[in-house]
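According to TrEMBL:
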type     : residues                                                               : note
DOMAIN   : 27-318                                                                 : domain 'ArsA/GET3 Anion-transporting ATPase-like'
BINDING  : LYS34, GLY35, GLY36, VAL37, GLY38, LYS39, THR40, THR41, GLU232, ASN259 : ATP binding site
ACT_SITE : ASP63                                                                  : active site
Amino acid sequence: MASAAVVDAGDAPEPTVQNLLDQETLKWVFVGGKGGVGKTTCSSILSVLLASVRQSVLVISTDPAHNLSDAFQQRFTKFPTLVRGFTNLYAMEIDPKVENDDLSNEGMEGFLSELTNAIPGVDEAMSFAEMLKLVQTMDYSVVVFDTAPTGHTLRLLQFPATLEKGLEKIMELKNRFGGLLNQASRLFGLGDELNEDAMLGRLEGMKEVIEQVNKQFKDPDLTTFVCVCIPEFLSLYETERLVQELAKFEIDSHNIIINQVIFDEEPVESKLLKARVKMQQKYIDQFHMLYDDFNITKLPLLSEEVCGVQALQNFSQHFLTPYKSALKRGTVEELEQRISILKSALQEAESELGRVRKGKQGA
């Protein structure tokens, strides 16, 4: 029994994202999870790492609360922009809603605008299809999606079905009001602009793009989904929901990044932090139990935000080498550091006490 356990432990997937860099066929990498778990930082770092092994990389934010600009400390727009300090890494931020300029209130566009109100999500589907069309013409080696929180991500995977509904709705309108539409368009001098065939053609074209890409999304050689979470109950629950939905959509997922981990070895002298370490460990154990065939990467909680290319590159080492605290608990060095921390805290408290006493005497 003991030897079998050893073999199993040896077979456990590597706790890094190295597998993503080694998979040369990868074309689409989605990064998703609950809001506030560090998806943008992880997307940015993955794109930086991929840029070191691939010819050209594009990282796209589809989250309405765009943070890519903050992560790289550079302004990005809906057009791919070269990231400063790189020759092959580009970034863009797109709004998943179709902009008003894109759907003016004239002719065919006005009709499509009405359609977007009739079918929830069809505007996002159309916007996403347009963006994918653009991305495909650019021919990047790999595209990294920094997705919106889980609910939006799952909608994104349902886009082919959403566009299907849009087509059905137009066909229904065509059958009921086809002649009337053509008469109205001639009457108002719109010519062929409000031609139902033109509308169908546009939606069909988008549906074609999305279906073609959807086939690629279901190919594990081309697409994978990286789940980002933190070691807390709600995040574990959300990750489980996400993994199940991805399986339902036949989308490969075998990487989980657990962010904001407080490692037990850190020389902390706080009951609150120690309690949090204990709580986190409980959920980390559950992640390992539930996803024993996943590459689970644990990232340390830092005292500052990871912003700017240099900070992203520095932090990226933890994606490829499991984090280890510089000090091991129980060693002379660790005890000495803990004593040093306590002495420094005591000095701070004494000087604060001195200031308070002086203030009272002055009063």
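Glycine residues also receive a Cβ, built from the backbone N, Cα and C atoms like all the rest.
What you are looking at is a predicted structure, and each value in this text was computed from that prediction instead of being measured.
Within 10 Å of the C-beta atom of GLU232 (ATP binding site) sit 17 other C-beta atoms, taking all shown protein chains into account. Cα of THR40 (ATP binding site) to Cα of ASP63 (active site): a distance of 9 Å. In this entry, ATP is bound by LYS34, GLY35, GLY36, VAL37, GLY38, LYS39, THR40, THR41, GLU232, ASN259, whose most widely separated C-alpha atoms sit 19 angstrom apart. Counted within 10 Å of its Cβ, the other Cβ atoms near LYS34 (ATP binding site) come to 22, all protein chains included. Cα of GLY38 (ATP binding site) to Cα of the residue listed as 'active site': a span of 13 Å.
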